[in-house]
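S.K.: Dropping a structure here in structure tokens format, bear with me for questions.
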Amino acid sequence: MQDIINLMQTQLWYWLLTVGLVSLCIGSFLNVVILRLPKMMKQSWQSECRVLLADELPKQTTEAPIFNLVKPNSHCPSCKTPIKAWQNIPLISWLLLKGKCNHCDASISVRYPLVELTTALLSTWVAWHFGATLEATLYILITWVLVALTVIDIDEMLLPDQLTLPTLWLVLVASCFDVGIEPNDAIIGAAIGYLSLWSVYWLFKLLTGKEGMGYGDFKLLAIFGALMGWQAILTIVLLSSLVGAIIGSIQLSVQGRDKATPIPFGPYLAIAGWITLMYGEQLQLWYVNLIT
């Protein structure tokens, strides 16, 4: 094991290749998380409602089938045919199958290989930027979570606690082992990150009577605050607002979306946070030069 670690630290190509291949496989797993986690959460909510309204709802006569990240096995959404091992190779299988089910010829969404490829490319970028270090390993893990959160929020307008809270704790614990920033700075950054958007949320709600964002956004910014310190929060908020304004304007003009249609803020936070993680110092210098 030590020989492998030494090889990664001395041979950049080996480190990048390892991260790229592992991240491709993780991207395949993230597709499962993106698809199943929201459904699992909805099932849990329904079960809780049934417990609370036990006397008012008809009793279930059959036990619900097991549904989690492992069961049932991967299958075609159209014909329900189980997917064989060779058909589940990240990126390659989709290309070999030409984007269609091998059994019923139903189209397989291009999003599956895109998630896998995006996960691999972003992770390899992080690995190249930071080298074979513990910090890079932490940032790669964060990148995986950000990919999942981004797609889930686009689909469901939801940033699951099952992803945000463990990630926040991971960053805080890592800081105690000299991975990332100092523990005190991480705690302060997390608190300010959470409270900054929390304050904006309540101010907006008091003024308009509407909810401008969700609590998942607060937790996501808390993660970035714990990861980079409170100093990065303003940069992330400004950059995410800029990205959101640009993409939102494009959607309004090209897709003809109604201005009243809710737009998830999580993806913009994730993009801005990742860019700041990679190039925060350059962004701050550029901003200072811009205003001076």
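Placement of Cβ uses the backbone N, Cα and C atoms for every residue, glycine included.
Worth saying up front: this structure is predicted, and the values here are computed from it rather than measured.
Annotations for this protein, taken from TrEMBL, read as follows:
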DOMAIN    22-130  domain 'Prepilin peptidase A24 N-terminal'
DOMAIN    140-248  domain 'Prepilin type IV endopeptidase peptidase'
TRANSMEM  12-35  transmembrane segment
TRANSMEM  136-154  transmembrane segment
TRANSMEM  163-181  transmembrane segment
TRANSMEM  187-208  transmembrane segment
TRANSMEM  220-248  transmembrane segment
TRANSMEM  268-288  transmembrane segment
S.K.: Would you confirm whether the transmembrane segment (136-154) and the transmembrane segment (187-208) meet the contact rule of 3 or more C-beta pairs below 8 angstroms, pairs 6 or more apart in sequence?
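M.R.: No; fewer than 3 Cβ pairs under 8 Å.
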S.K.: Take a look at 12-35, 220-248, 268-288 and tell me which one has the most Cβ pairs under 8 Å to the transmembrane segment (163-181).
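M.R.: Comparing 12-35, 220-248, 268-288: 220-248 has the most Cβ pairs near the transmembrane segment (163-181).
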S.K.: Restricting attention to the domain 'Prepilin type IV endopeptidase peptidase' (140-248), give the mean pLDDT.
M.R.: 94
S.K.: Count up the helix, strand and coil residues in the domain 'Prepilin peptidase A24 N-terminal' (22-130) according to DSSP, in that order.
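M.R.: Once the DSSP states are binned, the domain 'Prepilin peptidase A24 N-terminal' (22-130) shows 60 helix, 4 strand, 45 coil.
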